[in-house]
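Feature annotations, courtesy of TrEMBL:
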| type | residues | note |
| --- | --- | --- |
| DOMAIN | 48-256 | domain 'Aminotransferase class V' |
| BINDING | L107, F135, P136, T137, D138, D220, H223, Y245, W276, N304 | pyridoxal 5'-phosphate binding site |
| MOD_RES | K246 | N6-(pyridoxal phosphate)lysine |
Amino acid sequence: MSNAYQATLEWARAQDAADPLRAFRDEFLIPPHDGRASHYFCGNSLGLQPRAVREALTAELDDWGALAVEGHFKGRQPWLDYHEYVRDDLAELVGALPSEVVAMNTLGVNLHLMMVSFYRPTPDRHAILIEAGAFPTDRYAVESQIRFHGFSPTLSLIELEPDEPNGTLSMGAIERALAEHGERIALVLLPGVQYRTGQAFDLKAITGLAHRQGCTVGFDLAHAVGNLPLRLHDSGADFAVWCSYKYLNSGPGAVAGAFVHDRHARTEHLPRFAGWWGHDKQSRFRMGPEFVPTPGADGWQISNPPILSLAPLRVSLQIFHRAGMARLREKSLRLTGYLEWLVQTQLADVLESVTPRETERRGSQLSLRVLGGRERGRALFEYLMEHGVVGDWREPDVIRISPAPLYNRFEDCVGFAEAVRAWAHRPA
Ligand SMILES: *Cc1c(COP(=O)(O)O)cnc(C)c1O
């Protein structure tokens, strides 16, 4: 495969025709626009619906209708163990042992539950380190946890300011912050991929640095899971959380995920907020008064699993299993590389990417700053949306565009570039 990109539709179509993953696009519903498929670049916000989801949901509705309570045992996929059906594919996707992952709740809830166990502040060590400009939920969650333990965010929240020109963070800055404040940091909580800049972080390097300072480490993988190949077990992180409606295509409000490193699998002394589904599976239905946690991530479950939310996740993870994260990443590198090349060579008078250029420091998303300020940016964004090019807007002047290798094409990137050019050259 040649890396010499060309800006023409013919060239893009030839790439799509030669793409070994091209058949996966047909497994998704692509939202239409004016009688053709839209150029959908918003899979980092809400992934597209796999066609097979409808049938999977209908099967559960049918079992509910025909079997009611007996569906727990006699359904085609008995509901009792339903969360276990996604476990192997989920573990494969994030590079974990099957016992280290669980699908449950939603991202923000899982973040809180993980902090209940892994943010254990003491008078000497009570701070949480996050990046400045973190996603609101993450900041709110961290602040509220600090207050919950009777500490004050003024003293206990450390927000790492970007040290690179486009608002990204160098490893050097993380290293310096840990060297300077490490002794008072209880928890380091960073993203796998930062939602605003698209910067990807080196989870293993960060974990190594933080553990050397005695800090616990958690990652929010909302924008990393299904986007980058992950090796969570080897990273050594204590925990991680993610949602499933972005790159994982499991539908709005889909059931989220959590990772708890194997070294914590049997630490029964860790405080946790418990519920019956986290109880040891063998004796759960004796309904005894004493909580005995299931070893591993399953032990953090509270409620019985949401079948109608797990069914789409299951379909989606099977797609990832068949496509393979390594092959998806290979395509993603070329596709996002092409988009970046188009921006640099064809659109440099309109847009500039603030996402790191080094491919190991980004996933599929490019965050494109519109030159000339917010008003101009909003006008371009609205024009794109009206013309079937779907991205999203982040204040004050960034359009996020994320080609997802499961369903986006080189042709979509050309469609984006043509729409931007048409806007820039429109008659006044
Ligand atoms: C999308 C996203 C969330 C959303 O949390 P929900 O609990 O799923 O609503 C939180 N944090 C980050 C970093 C995100 O990207």
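Cβ coordinates come from backbone N, Cα and C, glycine included.
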Based on Cα coordinates, which of the following binding-site residues are within 10 Å of K246 (N6-(pyridoxal phosphate)lysine): L107, P136, D138, H223?
-> H223
For ligand 1, the binding-site residues of L107, P136, D138, H223, W276 whose CB is under 6 Å from one of its atoms are L107, D138, H223
Which three-state DSSP class does W276 (pyridoxal 5'-phosphate binding site) fall into?
-> helix
Model confidence over the domain 'Aminotransferase class V' (48-256), as mean pLDDT, sits at 98
Mind computing the max CA-CA distance among L107, F135, P136, T137, D138, D220, H223, Y245, W276, N304, which the record assigns to pyridoxal 5'-phosphate binding, rounded to whole Å?
-> 31
Let me know how many other Cβ atoms fall within 10 Å of the Cβ of W276 (pyridoxal 5'-phosphate binding site).
-> 13
Only counting partners 6 or more residues apart, tell me which same-chain residues put their Cβ under 8 Å from the Cβ of L107 (pyridoxal 5'-phosphate binding site).
-> T137, D220, A222, V241, W242, C243, A256
The most crowded of the binding-site residues P136, D138, judged by neighbouring Cβ atoms within 10 Å of its own Cβ, is D138
Should one count Cβ atoms within 10 Å of each candidate's Cβ, the recorded positions H223, K246 would be headed by H223
